[in-house]
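Copied over from TrEMBL, here are the features:
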type: BINDING; residues: C8, C11, C41, C44; note: Fe cation binding site
type: DOMAIN; residues: 3-54; note: domain 'Rubredoxin-like'
Amino acid sequence: MEPKTWMCLICGWLYEEVKGYPEEGIPAGTPWEQVPDSWLCPECGAGKQDFEMVQI
């Protein structure tokens with residue numbers, strides 16, 4: 001399955017599944033569905049519900 005990119009609708013920060021977010025314990029290759037629901041955007045603090053999948 002092709003890795004996806006998710007964008008914060010509040011600030012535009014991108015979560016790329018291929019890169020993950022190791023700084024917060026999310027390893028590279030982690031699908032969005034496996035990112036904890038309690039995770040917040042590192043840029044603005046928005047919740048997962050404020051992210052949308054985007055085509056890059």
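Positions of Cβ are set from backbone N, Cα and C atoms, glycine also.
A TrEMBL annotation is a machine prediction, not a hand-curated record.
For the recorded Fe cation site, residues C8, C11, C41, C44 set the reference point as the centre of their Cβ atoms, and the other residues of that chain within 8 Å of it by Cβ are L9, I10, G12, W13, P42, E43, G45, A46, D50. The Cβ of C44 (Fe cation binding site) lies under 8 Å from the Cβ of C8, I10, C11, W13, each on the same chain and at least six residues away in sequence.
Its Cβ placed at the centre, C41 (Fe cation binding site) has 20 other Cβ atoms within 10 Å. According to DSSP, the secondary structure content of the domain 'Rubredoxin-like' (3-54) in residues is 9 helix, 15 strand, 28 coil. The Cβ of C8 (Fe cation binding site) has 21 neighbouring Cβ atoms from other residues within 10 Å, across all protein chains displayed. Using a 10 Å radius centred on the Cβ of C11 (Fe cation binding site) and all shown protein chains, the other Cβ atoms total 13.
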